[in-house]
Amino acid sequence: MKLHELIGYLHPFVDYKGENPEITSIENDNRRVTPGSLFICIKGYTVDGHDFAGSAVKNGAAAVLAERELPVNVPVIVVKDTVRAMAVLADAFYGQPSQKLHMVGITGTNGKTTTSLIIEQIFKDAGQKTGLIGTMYTKIGEQIFEVKNTTPESLTLQKTFKRMVDEQVDTAVMEVSSHALVYGRVHGTDYNVAVFTNLTQDHLDYHKTMEEYRKAKGLLFSQLGNAFNHENPKFAVLNSDDPASDEYAMLTTAHILTYGIDNHADLQAINIAMTASGTSFDLVSPFGVKKVNIQLIGKFSIYNVLASIGAALVSGLSLDDIIASVESVKGVSGRFEVVDAGQDFSVIVDYAHTPDSLENVLKTIQQFAQERVFCVVGCGGDRDRTKRPLMAKIACEYSTDAIFTSDNPRSEDPAEIIKDMEEGVKGEVYTSIIDRKEAIQHAVKNAKSGDVILIAGKGHETYQQIGDRTFDFDDRIVAREAIEER
Ligand SMILES: CC(=O)N[C@H]1[C@@H](OP(=O)(O)OP(=O)(O)OC[C@H]2O[C@@H](n3ccc(=O)[nH]c3=O)[C@H](O)[C@@H]2O)O[C@H](CO)[C@@H](O)[C@@H]1O[C@H](C)C(=O)N[C@@H](C)C(=O)N[C@H](CCC(=O)O)C(=O)O
Ligand SMILES: Nc1ncnc2c1ncn2[C@@H]1O[C@H](COP(=O)(O)OP(=O)(O)OP(=O)(O)O)[C@@H](O)[C@H]1O
Ligand SMILES: N[C@H](CCC[C@H](N)C(=O)O)C(=O)O
Ligand SMILES: [Mg+2]
């Protein structure tokens, strides 16, 4: 695409009439620039991309988009906000790919990854080719790509959508983090279905207050498009048991489908029966009452399944087929994952790293636990500090043996993170062991027949970030080895 054509997509007041080179790619990292690239300078949290413009030009950049004039010998287009401009240009350069896909976006504090994988399964079972973008990976068909963020910045995102279009993907399912909504990473992404799971405390280091956090998630719904496109209607799938849903319903002109358990909803689960290996319920739906038997447990799992059924239903799939799909879902890696090495106690690895998710998982375990419940848990460094005492309190309240340990301390002192946790449990009985491997070994050594050990916080993660180093660490492997050593 020629530079002039590309610039034409920007704000009409961006006045550029200089040279008109062919733009072969758009990059925001000088190290990825090749001859003909447009280099976009982004002021980051760590460094300022404007400092790399010179190097980008040396690498062959044909033009630079920046927030100020720069001393380089290629055209510099100056805009007020390069992050916003990047979203517009990425969408245009890749041919507005999200408009060619059936797009399902999922936001909420907990359950995004789980729900996105269930939705992916439903669409696959319906014979569609799917794409997935989320915490664990990006997936196009069956090809898996590593990711750094749950929701990547706009350039990577649009490039990924373009690849999905090229590879004939029908439906793209993606997690939309609150950070992504605030940073404008999904600006220009044309969702057909926006799903809300729930809103509870997390990420207050970034959003500061729950009100700001709630507003951030609301952006997915306010950006869902305001036109009544009757050929291609848009849907918001909202949790009727979460108070934030009322606000999100007001923010959007899309059709609304609600799901829930406690409050009346378009899709409501009633007559719930849970065993240690699964859950059954009656699904009250616009198509009558249907019996559903899932292999997942915990009330939170029912919510994830209802949200998934809702997203598939408004996408036009048949309810009976959808139910058959959700009934076949066995679980998601690192979410309530059982480690079984033949021991006579249970070990569960789960990604609960927020107060709400920890409470949900421990309450679910309590329903089945016959003896003691050990809870090995830590809190991430460089993340919301205010959730630390709350998580510690929940661990003490809902388990018999709370063991506080490290979970990606990053740049923080792990002992200080544990101290923050301990603030929430003054006078209670717990054990603190900084080294996560030792903490897991401690639980495994002390567990007796019939006990349950929950190892919370890292789920599918295969690393531990300490300082600026990343070490191999997988709760499931460490637990298995500890059991085998017993
Ligand atoms: C706070 C934050 O969100 N940071 C994101 C941000 O990093 P940054 O601002 O530090 O970027 P930077 O390193 O300063 O770089 C600035 C610019 O200079 C460029 N650069 C940089 C170095 C260089 O040598 N050359 C160069 O050109 C970079 O390409 C970039 O354009 O931009 C990066 C690239 O897009 C992101 O990967 C990074 O996410 C970091 C890893 C992160 O931890 N983010 C978290 C807070 C986050 O976004 N989490 C959410 C939610 C998770 C969930 O709950 O599921 C997520 O969506 O992942
Ligand atoms: N609907 C839900 N409500 C509350 N807790 C949930 C729900 N679904 C899952 N959980 C809990 O939250 C944990 C994380 O789930 P999941 O990875 O699906 O969430 P996520 O929203 O993708 O999280 P992240 O923002 O970190 O990517 C699970 O391991 C489980 O403990
Ligand atoms: N998406 C979440 C994941 C947290 C996982 C936990 N293991 C941690 O490192 O805190 C975050 O980045 O806050
Ligand atoms: Mg996730």
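Just so you know, the numbers here start at 1 and follow the chain as drawn.
From the backbone N, Cα and C atoms, a Cβ is placed for every residue, glycine too.
Note that the structure is a prediction, hence the values are computed from the model and not measured.
Straight from TrEMBL, the features:
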- Gly108, Thr109, Asn110, Gly111, Lys112, Thr113, Thr114: ATP binding site (BINDING)
- Arg383, Asp407, Asn408, Pro409, Arg410, Gly457, Glu461: meso-2,6-diaminopimelate binding site (BINDING)
- 22-94: domain 'Mur ligase N-terminal catalytic' (DOMAIN)
- 106-312: domain 'Mur ligase central' (DOMAIN)
- 334-459: domain 'Mur ligase C-terminal' (DOMAIN)
- Lys217: N6-carboxylysine (MOD_RES)
- 407-410: motif 'Meso-diaminopimelate recognition motif' (MOTIF)
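The secondary structure of Arg410 (meso-2,6-diaminopimelate binding site), as reduced to three states from DSSP, is extended strand.
Among residues of the same chain six or more beyond the motif 'Meso-diaminopimelate recognition motif' (407-410), those with a C-beta under 8 A of the stretch's C-beta atoms are 353, 377-383, 417, 436, 457-458, 461, 463-467. Ligand 2 lies under 6 Å from the Cβ of the following recorded positions, listed in sequence order from Gly111, Lys217, Arg383, Asn408, Arg410, Gly457: Gly111. Each residue of the domain 'Mur ligase C-terminal' (334-459) gets a DSSP state, and the totals for helix, strand and coil are 49 helix, 29 strand, 48 coil.
Between the listed binding-site residues, namely Asp407, Glu461, the fewest other CB atoms within 10 angstroms of a CB are found at Glu461. Within 8 Å of the Cβ centroid of the ATP site, not counting the listed residues Gly108, Thr109, Asn110, Gly111, Lys112, Thr113, Thr114, the chain contributes Ile106, Thr115, Glu175, Thr197, Asn198, Asn304. The two recorded residues, Lys112 (ATP binding site) and Arg410 (meso-2,6-diaminopimelate binding site), have Cα atoms 24 Å apart. Excluding Arg383, Asp407, Asn408, Pro409, Arg410, Gly457, Glu461, which define the meso-2,6-diaminopimelate site, the same chain contributes His353, Gly378, Cys379, Gly380, Gly381, Ser406, Lys458, Gln464, Gln465 within 8 Å (Cβ to the Cβ centroid), listed in sequence order. Between the CA atoms of Arg410 (meso-2,6-diaminopimelate binding site) and Thr109 (ATP binding site) there is a gap of 22 Å.
Within the same chain, residues at least 6 positions away in sequence whose Cβ sits under 8 Å from that of Gly108 (ATP binding site) are Val195, Phe196, Thr197, Asn198, Leu199, Lys217, Asn239. The two recorded residues, Asn110 (ATP binding site) and Asn408 (meso-2,6-diaminopimelate binding site), have Cα atoms 19 Å apart.
Distances between the Cα of Gly111 (ATP binding site) and those of the binding-site residues Arg383, Asp407, Asn408, Pro409, Glu461 are shortest for Glu461. Across the domain 'Mur ligase N-terminal catalytic' (22-94), DSSP classifies residues as 25 helix, 17 strand, 31 coil. Applying an 8 A CB threshold to same-chain residues 6+ apart, the list for Thr113 (ATP binding site) reads Gly134, Thr135, Met136, Thr150, Glu175, Val332, Arg335, Tyr351.
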